[in-house]
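Per TrEMBL, the features are:
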{"type": "ACT_SITE", "residues": "437", "note": "active site, nucleophile"}
{"type": "BINDING", "residues": "237, 238, 239, 240, 241, 242, 243, 267, 316", "note": "S-adenosyl-L-methionine binding site"}
{"type": "COMPBIAS", "residues": "343-352", "note": "compositional bias 'Low complexity'"}
{"type": "COMPBIAS", "residues": "374-397", "note": "compositional bias 'Low complexity'"}
{"type": "COMPBIAS", "residues": "597-608", "note": "compositional bias 'Basic and acidic residues'"}
{"type": "COMPBIAS", "residues": "625-642", "note": "compositional bias 'Acidic residues'"}
{"type": "DOMAIN", "residues": "129-519", "note": "domain 'SAM-dependent MTase RsmB/NOP-type'"}
{"type": "REGION", "residues": "325-405", "note": "region 'Disordered'"}
{"type": "REGION", "residues": "574-642", "note": "region 'Disordered'"}
């Protein structure tokens, strides 16, 4: 089977090897032709098929060459008119001969098609066809803070690039050929560069100093805002590792990892886990990241000792991928109308309707036919055949129902909700981000609403991080959640949600992210009395912090309140109060060890709970000579929330 027959089968047949054009071709092990050639021909012919459909129909190629199918005619005419080497078949091959004997007429119709589109040259027509593929996106590059800085990369990798003030100017450079960059105004360490530049060949990329990552994909780690006092951090669905390494970079700039703090990266697919491990090593975050290869996050026990210090989780589970730019990577393949099969009746009718002698077919009304072809082409050009793109509007009440898509989204949403609820169950967790690269409310706002209404969220006091509380860059990001999908409390929920929309001129893919938080978590994982954040006007909590953002503690681990400037617990004043009330505090059976009020391990170090705060020794209390009673409750200090 020739290259053209195999390609025709790919572009017209049902998919048995995945949904996208690449997966159809590279997943097909039965191909005899090189997959790269099949893909190139299928993509380019699909791109030009709207124009070539007109050419084939107006030249009446299918009426003259009955051995040609509509798909073969488009593929062969494409190579005849547009490929540098012409049709990739021997000169004597029947298919090549069937097309080349009509070369003059096909070229003439191709010229007419160009003129109808008001394109003075072939290059102008090519630019118009390329523009129909969709919006151009910049090349997003995140500078890896673990290995480099913006200044270093500006002096090396981006030396010679022109700095422009907006992403719009970066996008516009695609048509001018200029090499420009723009420092992103929302996500730190992010650069937008001119489209079409291959940065994988640069030394910075090979050394892990820069990471190619879409801007919207940077939102989850940035919104989670990991800090040294957050304890261990889980990335529940890690591979390939962009977000995992971003977490490490943010923590590094926050003053570094706290003693013993780790990122726990889960990836249940063994092969993808290898990709993850390679990326962590290249980015320099492997030393602080524990990879749980082949381990399903949903099957973990949140109360297991290994997770007692987990204070923040990043969730980016499988989704429909409807927001990914280029997910359906080929335009529609437009087919010319096949000629009617001749019958005795149709031939007779044709002869009698000619109105003149000869018995031959009446020549078609070419003016009328061209008009119809142009109208059809315009309609075809505007038609949307991308399944995911069609589904984008399926959440709208006015959209026609799509049962297959709705079933798929319902299944995905159930899985996504289960991951969110599992994450909300970790006892010491205070922050959880949930994100998808989907445009569907079913996977986004509706999952959020269901999670907030769940028993685990209500009992543990989870809520959404309000827009006013978010990091500056995402607080300023203008695209928020879908209010229609939020229904009750639409304004509050929608404002807390962050969306990115592909094709809106901001140069990003479709994306969604939101952050769940608990205000004041006690030692048992419950929300402390009062909730709220009245004491947290600057977003950093109630305690004094140093220049690196770390809570300042004394030798006993006690923090200082911002509001009063005093320690949360003043031992001297406590002792005075205890004496006045005839209360005696004794730690342990007796307190002759003189090592303070807190439990210590075998090496003399203070033992801390899941929240990082020290534990009080067991106490016996005696009041006014009454018999001593061992306290059965509150033996362990719940600690202070960071």
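Keep in mind that glycine also has a Cβ here, set from the backbone N, Cα and C atoms.
Location within the structure of each feature annotated in TrEMBL.
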{"residue": "237", "record": "S-adenosyl-L-methionine binding site", "Cβ within 10 Å": "20"}
{"residue": "239", "record": "S-adenosyl-L-methionine binding site", "Cβ within 10 Å": "22"}
{"residue": "241", "record": "S-adenosyl-L-methionine binding site", "Cβ within 10 Å": "28"}
{"residue": "243", "record": "S-adenosyl-L-methionine binding site", "Cβ within 10 Å": "23"}
{"residue": "316", "record": "S-adenosyl-L-methionine binding site", "Cβ within 10 Å": "23"}
{"residue": "437", "record": "active site, nucleophile", "Cβ within 10 Å": "25"}
Remaining residues near the recorded S-adenosyl-L-methionine site, that is with C-beta within 8 Å of the centroid of the site residues 237, 238, 239, 240, 241, 242, 243, 267, 316: 235, 244, 265, 272, 276
Among the S-adenosyl-L-methionine-binding set 237, 238, 239, 240, 241, 242, 243, 267, 316, as the record gives it, the longest Cα-Cα distance in Å: 13
Averaged pLDDT score, the domain 'SAM-dependent MTase RsmB/NOP-type' (129-519): 85
Rounded to the nearest Å - Cα separation of residue 243 (S-adenosyl-L-methionine binding site) and the residue listed as 'active site, nucleophile': 13
Pairwise CA distance, residue 237 (S-adenosyl-L-methionine binding site) versus the residue listed as 'active site, nucleophile', rounded so that it is a whole Å: 13
Inter-residue C-alpha distance, residue 239 (S-adenosyl-L-methionine binding site) and residue 437 (active site, nucleophile) (nearest angstrom): 15
